[in-house]
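Written below as structure tokens is the structure these notes are about.
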Amino acid sequence: MKFTIEATDPKSKARAGLVKTDHGDIETPIFMPVGTAGSVKAVHQRELTYDVKAQIILGNTYHLYLRPGLDVLEKAGGLHKFNGWSRPILTDSGGYQVFSLSGTRKIAEEGVMFKSHIDGSKHHFSPENVMDIQRTIGADIIMAFDECTPYPCEYNYAEKSMHMTHRWLKRCIERFDTTEGKYGYSQTLFPIVQGSVYKDLRKQSAEFIASCGRDGNAIGGLSVGEPAEMMYEMTELVTDILPTDKPRYLMGVGTPANILEGIALGVDMFDCVMPTRNARNGMLFTSEGIMNMRNEKWKDDFSPIDPNINSYVSTFYSKAYLRHLTVSKEILAAQIASIHNLSFYLWLVGQAREKIQTGEFATWKDMMVKKVSTRL
Ligand code: PRF
């Protein structure tokens, strides 16, 4: 994997760059649609490619390991072959899903024992087997095994947890660097900064992660319920320490405004379930603001969903028709809303990239943050 910076914004820390992988290039800043179980919910690959214009999607180790399982994925020749997505894929390590999804779990130095949320069966994740599992899934970018601390979190716990995440990282690197990809293309490992909302811990963690010298770095443990200002403060502290010549990935973030602020702080990659999950609940993100599609207000508004978004569904379908589908609980409502929301997120980061290249990002960002946060 190779990263080059093409432009930096004069008035913020924003950068426009290019990530090169064996499955193609990624223009940054980028948003990565979440395809937890190997599918971006309600969106098929042709729409993801030609309407949404996604450049990279995310998969989850936890889900894919439990179902369909490693034997199926290996027989298929990896996740790209299995789901038909031939562009880059990133897999999260399970170090977050285990904590948020599985009912019972036991964290120890060796790893995490957990029960499947599907059938209650018992499993164990360790830094080593999570590297092996991600080798078998075959994503282009794989994530280190970490503990994402909750919010709020006591200082003592956050400190202990951070040190364990660092020790786990050393074990991840040792296993990753002594194994090879199974399908003939290369994979790269991103470590993850933790440290909760404590400045000294965040600083220590960022310095440790930076010293590992990997191809890219991630910021975890944020967007877990802390105030947005706190998330921005921690992000800036970390981006000021992480190497400038490597991509930075802010995990699980966020709203359109969160993403714009993250870009201004020097973040290059984002992922979040929000555009797809909220779409299934009738919430639309548009270039003019946020719409609740259940609202009576859209009943006879025959204007397009969002004329500014260059995606088939955004201009073809009217607000009134989508409201009707939403209220009627039609499957098509989820499909249209998901494709539109993702198209909007990809449009937003694409616009940010253009504005960074023309040196207008900072002023455009301030105007856009207000716009995209407006409730219509
Ligand atoms: N760690 C991992 N995945 C994540 C997170 C994390 O801290 C977050 C935090 N917002 C989202 N996804 N491995």
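In case you wondered, yes, glycine gets a Cβ from its N, Cα and C as well.
Curation does not apply to TrEMBL; its annotations are automatic.
Positions annotated as active site, proton acceptor by TrEMBL: ASP92. Cβ contacts within 10 Å of ASP92 (active site, proton acceptor), excluding its own Cβ and spanning all protein chains shown: 27.
Annotation note: ASP271 (active site, nucleophile) sits in a strand segment as assigned by DSSP. Neighbour list (ASP271 (active site, nucleophile), Cβ cut-off 8 Å, at least 6 residues apart, same chain): PHE31, MET32, PRO33, VAL34, LEU58, LEU90, TYR249, MET251, GLY252, VAL253. Marked as active site, nucleophile by TrEMBL: ASP271.
Counting only same-chain residues six or more apart in sequence, the Cβ atoms lying under 8 angstroms from the Cβ of GLY94 (substrate binding site) belong to ASN60, THR61, TYR62, TYR65, PHE125, VAL130, ILE133, PHE145. Residues or ranges marked as substrate binding site in TrEMBL: ASP92, SER93, GLY94, GLY95, TYR96, ASP146, GLN194, GLY221.
The annotation domain 'tRNA-guanine(15) transglycosylase-like' is assigned in TrEMBL to 12-372.
Across the region 'RNA binding' (252-258), the DSSP tally of helix, strand and coil residues reads 3 helix, 0 strand, 4 coil. Per TrEMBL, region 'RNA binding' is recorded for 252-258 (among others).
Residues 33-34, 40-43, 334, 337-338, 340-342 of the same chain lie 6 or more positions beyond the ends of the region 'RNA binding' (276-280) yet place their CB under 8 Å from a CB of it. Among the features that TrEMBL reports, region 'RNA binding' is placed at 276-280 (among others).
Under the three-state DSSP scheme, GLN194 (substrate binding site) falls in the coil class. Among the recorded positions GLY94, GLY95, ASP271, the residues whose Cβ lies under 6 Å from any atom of ligand 1 are, in sequence order, GLY95. For the substrate site, whose annotated binding residues are ASP92, SER93, GLY94, GLY95, TYR96, ASP146, GLN194, GLY221, the maximal Cα to Cα separation is 15 Å. Taking the centroid of the Cβ atoms of ASP92, SER93, GLY94, GLY95, TYR96, ASP146, GLN194, GLY221 as the substrate site, the other same-chain residues with Cβ within 8 Å of it are PHE99, MET143, ALA144, PHE145, GLU147, CYS148, ILE192, GLY220, MET251.
Each residue contributes its Cα atom, and for ASP92 (active site, proton acceptor) and ASP146 (substrate binding site) those atoms are 10 Å apart.
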